[in-house]
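Novice: Next up is a structure, given as structure tokens.
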Amino acid sequence: MGFSSALQGRAAHEALIVRQDAELRLMETMKRSIQMKAKCDKEYAIGLTAVAQQGLKIDRADEMQGSLISKSWRSFMDELDQQAKQFKFNAEQLEVICDKLSHLSQDKRKARKAYQEEHAKIAARLNHLTDEVVRKKSEYQKHLEGYKALRTRFEEHYIKAPGRSGRKLDDVRDKYQKACRKLHLTHNEYVLSITEAIEVEKDFRTVLLPGLLEHQQSVQESFILLWRNILLEAAQHGDLTADKFKEIQKRIDTVISSINPTEEYGEFTEKHKTSPTTPLLFQFDETLIEDIPGKLTASTLTVDNLTVDWLRTRLVELESAVKECQERQLKMIEHVNGGSPVANGSVISNGSSASNGIQSNKDSQNRQSKDLNALRCQEKQKQKLVDMIKCALNEVGCEELPSGCDDHLSLEQNFIEHGFNNEQQRSNSTNSPGLGIMNELMRRGGVLTLLRGRGRHFKRKSTPQPTTPMARARQGRFSKLQPRSQSLGSLSLSLSTNRPLYEEEWFHGVLPREEVVRLLNNDGDFLVRETIRNEESQIVLSVCWNGHKHFIVQTTGDGHFRFEGPPFPSIQELIMHQYHSELPVTVKSGAILRRPVCRERWELSNDDVVLLEKIGRGNFGDVYKAKLKSTKQDVAVKTCRMTLPDEQKRKFLQEGRILKQYDHPNIVKLIGICVQKQPIMIVMELVPGGSLLNYLRKNSNALSTRQQMGMCRDAAAGMRYLESKNCIHRDLAARNCLVDFEHSVKISDFGMSREEEEYIVSDGMKQIPVKWTAPEALNFGKYTSLCDVWSYGILMWEIFSKGDTPYSGMSNSRARERIDTGYRMPTPENTPPEMYRLMLKCWAADVESRPHFDEIYNVVDALILRLENSH
Ligand code: ADP
């Protein structure tokens, strides 16, 4: 329903005027408020700018360089300044809006006036006509009355004198006629006026007024639209969730979240890094007791009748202090572990216990481990003193306590015995025997009581050490490390260099546990290695401490590393901390790091070798010709497939372990193993002729008997050496020998070898080279060097048959059966009979009647000599 139909009435018209007045007043109120808001915002902007300026008055000096928190704060303040600018801009916009509102208000006032005037105008015409009709009607009435009176008069005259004429009658008639005319005219005018009024009223009601109202409605509505838009603008300029503010807020959020505690001190530490603090040396100043002919010894406690009680009391005090430290530690650990003491095992397997903790939790853990460390230090320090006092008291033992103080006579005697060179002293002694010394001693701080007595000396059972036990231990460690020139150096250096873990001398890569255990011999020996558990790599610290302990390095949520103590950003720093602090890795284990065990000469880095071409295929993986980077030496590298289970990898390395101890021209030489990363590899001397079996087959026509015998002698020499080392090869065969220059042969493939006099196979006889294996080994799993002798016989046969397959045409089980019933292979063509006899001797069913390699070598050597001499 619109204005035009609903608001035609007078009251509505008046209400519309009143409404417009109210709207104008509302507009004024709004204008004032918006003005105030603009002022407020301007003031706020000024305040905010001041805040940002204040915030930016931070220290820009070098100290905070690289600090993320300081950088973020600066950006935060810059954004605050942006925010202030935005507020100011908005305030200015609000002022523009106020102007707009003023204009709108003026226009509205005009529109209201125009409406009023237009309404009055069209209403005035209707009013005027209404008045006209009333006036015309009253005129009509007046003329009607006059007409009626004149008509009555005329009728009277006319009836009284019908047909008569006369002046009077004419006059009456004339008047009557005039009145009649007048009436008729008035009548018409009245009629016209009414008709006009009807028309005007109709137009007013149906056209003009609705038209005016409709127009007014649209005018007012268009004002409302403008008004609304102005308000919208005003609101927009005060909207704190507007994109501009949101962007600022987003930027603030981003810079603040860029604060990273682990990076905060990166640049700082880089800039200020110093080499590890050099230890302060506390040493007993021996000049103090230089010329005291007494019993005071540098750095050694003096136990005598004067000090013993004091020492004992001190011992009790210190022991109870140690105990208290221990109890407090235990309590702390119980607390950390949620009430339960640390599990008995020495291995901490939960590598990520701290990783998900919330910050406060982490902080408290860090604090606890720091406190724990402090307690451990206290305990260790006090324990050292306890040990020292105990040791000193024990040394005196049950002997009568030496006297701490001597009388003048004995002092004098002492003086005479030791003799003084100094003239002054000599004169002192002459003038007042004894007193000069006494005075001198008094002057030196009343150490008289500690003077060594004459005659009743107590003697140390051991020579006094120049330094504390701890220092002695360190000295020992140092001297042990000296031969391995870099060991200690690398240990202390690793804090200042950022080299990767695998470059540390004491990092042994994926060296298997068995190997590790062999390297750690004395309490405190340690090394670090890697192990793969559930396809995840873990770093393990292995320590020799009442057996062998293996500690998995734990990783915290923020990428730090720890055991029970504080976390460190790198494993190197963690190990350094454990080493230098001499604190146990875990309280339960008590394991202390004393001597880093460095990689052995043969533990190479994978990057030390460059693989060139594949030259063979072994049981565990491919064999390559390769080059050693350092010496450019050609080498052979056996690789172990990464996918093989750990057990197989250990077996693979077995060959390296065995070979590393041997050095013989007929045994392939080990150069090293690479266990730092996968694939693990064995690096050996490159024997250019490759496998003997292939060589025999390829050169069957070119081989002379002398060369064949030479090969047998080489193999015998290598085997004689192995036998002397108690090594059973267990897989001697042409395929496992290599050919060097001049047809010389080297024994290779020690994958099945064992370093024992006798080796009993208990885990089944999988993959046994049946045709090369002695019957007692096949039947009872019993291996000795004499089994190798049997295999050597087969090898001889292979050499003389130029690479034929033994027992050809027979299956393994058939060959076994035949051998058990006494069958032996016939001699290959062109084999010297002595050599065949030797083969048969090697194949003697009675183990003991087989020749040892020493004998074999001699026989073959003699035969060769004979052959050479006969030519
Ligand atoms: P696996 O012990 O794994 O069976 P092998 O020792 O038999 O491996 O080596 C496989 C092949 O690789 C050999 O037959 C030989 O051809 C080649 N090979 C192995 N070691 C060397 C070496 N030191 N020099 C030259 N070739 C070698």
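Any Cβ shown, glycine's included, is placed from N, Cα and C.
Feature annotation from TrEMBL assigns active site, proton acceptor to ASP731. Annotation source TrEMBL lists ATP binding site at ILE615, GLY616, ARG617, GLY618, ASN619, PHE620, GLY621, ASP622, VAL623, LYS638. According to TrEMBL, the feature coiled coil maps to 77-132. Per TrEMBL, the feature compositional bias 'Polar residues' maps to 346-363. Feature annotation from TrEMBL assigns domain 'F-BAR' to 1-264. Feature annotation from TrEMBL assigns domain 'SH2' to 506-597. Summarising the annotation, TrEMBL assigns domain 'Protein kinase' to 609-864. Under the heading region 'Disordered', TrEMBL lists 341-374, 456-491.
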Novice: Can you list, in sequence order, the residues of the same chain other than ILE615, GLY616, ARG617, GLY618, ASN619, PHE620, GLY621, ASP622, VAL623, LYS638 whose CB lies within 8 Å of the CB centroid of the ATP site?
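Specialist: Apart from ILE615, GLY616, ARG617, GLY618, ASN619, PHE620, GLY621, ASP622, VAL623, LYS638, the close residues are THR639.
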Novice: Just checking, which of ILE615, VAL623 (binding-site residues) has the fewest C-beta atoms within 10 Å of its C-beta?
Specialist: ILE615
Novice: If I take the Cα of ASP731 (active site, proton acceptor) as reference, which of the binding-site residues ILE615, ARG617, ASN619, GLY621 has the closest Cα?
Specialist: ASN619
Novice: Filter the candidate list ASN619, GLY621, VAL623, ASP731 of recorded positions, keeping only entries whose CB is under 6 Å from an atom of ligand 1.
Specialist: ASN619, VAL623
Novice: Would you mind splitting the domain 'SH2' (506-597) into helix, strand and coil residue counts from DSSP?
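Specialist: Secondary-structure composition of the domain 'SH2' (506-597): 18 helix, 31 strand, 43 coil.
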Novice: What three-state secondary structure does DSSP assign to ASN619 (ATP binding site)?
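Specialist: Its secondary structure by DSSP: coil.
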Novice: Just name the most isolated of the recorded positions ARG617, ASN619, ASP731, going by other Cβ atoms within 10 Å of its Cβ.
Specialist: ARG617
Novice: I want to check the contact list for GLY621 (ATP binding site): same chain, sequence separation of six or more, C-beta distance under 8 angstroms. What comes out?
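Specialist: Those within reach of GLY621 (ATP binding site), by Cβ under 8 Å and sequence separation of 6 or more, are LYS638, THR639, CYS640, ARG641, LEU644, PHE652, PRO679.
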